[in-house]
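Below is one structure, written out as structure tokens; the observations come after it.
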Amino acid sequence: MKVIVNGEPREVPEGTSVAQAVATVSAAGSGVAAALNDEVVRRSAWDDTPLREADRLEVLTAVQGG
Amino acid sequence: MTVQNETDPLEIAGERLDSRLIMGTGGAPSMAVLREALVASGTELTTVAMRRVDPSARGSVLDVLRECGVRVLPNTAGCFTAGEAVLTAKLAREALGTDWVKLEVIADERTLLPDPIELVEAAEQLVDDGFTVLPYTSDDPVLARRLERIGCAAVMPLGSPIGSGLGIRNPHNIALIVEQAGVPVILDAGIGTASDAALAMELGCDAVLLATAVTRAQSPARMAAAMRHAVEAGRLARQAGRIPRRHHAQASSPFEGLAT
């Protein structure tokens, strides 16, 4: 199925979890947050939250700014 | 009176900060330069932005803050709507484990001025959601009052546009904001050099937030030290009570007893 991770279209297997998708862009154990279709998914729920066709996943971290 | 040993902490939302200089991390040419500047500034609270992870990025600003023992203050820089700012704040809370947020909702990229309508909307939502909201606002005393009434933990009026280094363009408005505020007033944006930071404190601001003036200075660590001293000097001067301005001179030496 097709999903969008940080603005990039991707082909991932059915049943791919938020945790698995996040792992493709970040190996950080902390300091990272994810939003699925503009809703924050708590880290504790990443494993049990599956992606669906056309989902938009945003994975953010802190950078220099302000 | 032992002025040197007096403690004069800043309190925001019940939390104590011994430094009244809040730093930003944007614009530093390297993490090493940033680290030096943060140490020289003596800051205890420092902003970061939230962005999509870059798998090729080396070194994290979070590591630098941790090493310096500085508390992190995520911002919502780059957000144009209340919705974007609220989502960014929630992501920051999840990523960084803090419910403090520097709320920034800008109107356009050319001026980076705050959009007051979106700002108030976002502040209301975030306060309701339990955030400690520190809003970057224009120097409008009425808007500052509205933000305080909503429940913001501080108000952060600009001195002049972000990164402009134009200093405090409307000192009178900053003084009006200070006069009415029941929460800390933090001069945010526009500081160009140390005298601007000192002026902010002399006007009665509780703290100064700056980034560019330090990170893009020729010697960031030196400028950071200058800002630290300027904030302390301005604070002391405010507390000391300046003399009134006079139109004519007033001799400080006596006229009596002159040799004639």
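The backbone N, Cα and C atoms fix where each Cβ goes, glycine too.
According to TrEMBL:
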type	residues	note
DOMAIN	B:11-254	domain 'Thiazole synthase ThiG'
ACT_SITE	B:Lys102	active site, schiff-base intermediate with DXP
BINDING	B:Gly163, B:Ala189, B:Gly190, B:Ala211, B:Thr212	1-deoxy-D-xylulose 5-phosphate binding site
REGION	B:238-260	region 'Disordered'
Could you tell me which of these binding-site residues, B:Ala189, B:Ala211, has the fewest other Cβ atoms within 10 Å of its Cβ?
B:Ala211
List, by number or range, the same-chain residues at least 6 past the region 'Disordered' (B:238-260) whose CB is under 8 A from its CB atoms?
8, 201-204
Please list, in sequence order, every residue of the chain apart from B:Gly163, B:Ala189, B:Gly190, B:Ala211, B:Thr212 whose Cβ lies within 8 Å of the Cβ centroid of the 1-deoxy-D-xylulose 5-phosphate site.
B:Gly24, B:Pro161, B:Ile162, B:Ser164, B:Gly165, B:Ile191, B:Leu210, B:Ala213
Taking 10 A as the limit, how many CB atoms besides its own sit near the CB of B:Lys102 (active site, schiff-base intermediate with DXP)?
28
Between the two most separated Cα atoms in B:Gly163, B:Ala189, B:Gly190, B:Ala211, B:Thr212, the residues recorded as binding 1-deoxy-D-xylulose 5-phosphate, what distance in Å do you get?
9
In whole Å, note down how far the CA of B:Lys102 (active site, schiff-base intermediate with DXP) lies from the CA of B:Gly190 (1-deoxy-D-xylulose 5-phosphate binding site).
16
Secondary structure at B:Thr212 (1-deoxy-D-xylulose 5-phosphate binding site), reduced by DSSP to three states:
helix
Which residue, out of the binding-site residues B:Gly163, B:Gly190, shows the minimum number of other Cβ atoms inside 10 Å of its Cβ in this structure?
B:Gly163
Can you filter B:Lys102, B:Gly163, B:Ala189, B:Gly190, B:Ala211 (the recorded positions) down to those whose Cβ is less than 8 Å from some Cβ in chain A?
B:Lys102, B:Ala211
Return only the integer: C-alpha distance in Å from B:Ala189 (1-deoxy-D-xylulose 5-phosphate binding site) to the residue listed as 'active site, schiff-base intermediate with DXP'.
12
For B:Lys102 (active site, schiff-base intermediate with DXP), which of the binding-site residues B:Gly163, B:Ala211, B:Thr212 has the nearest Cα in space?
B:Ala211
Per DSSP, to which secondary structure element type does B:Ala189 (1-deoxy-D-xylulose 5-phosphate binding site) belong, with helix, strand and coil as the options?
coil
Between 0 and 100, where does the mean pLDDT of the domain 'Thiazole synthase ThiG' (B:11-254) sit?
96
Summarise the region 'Disordered' (B:238-260) as counts of helix, strand and coil residues per DSSP.
3 helix, 0 strand, 20 coil
I want to verify one value. Collapsing DSSP to three states, which class is B:Gly163 (1-deoxy-D-xylulose 5-phosphate binding site)?
coil
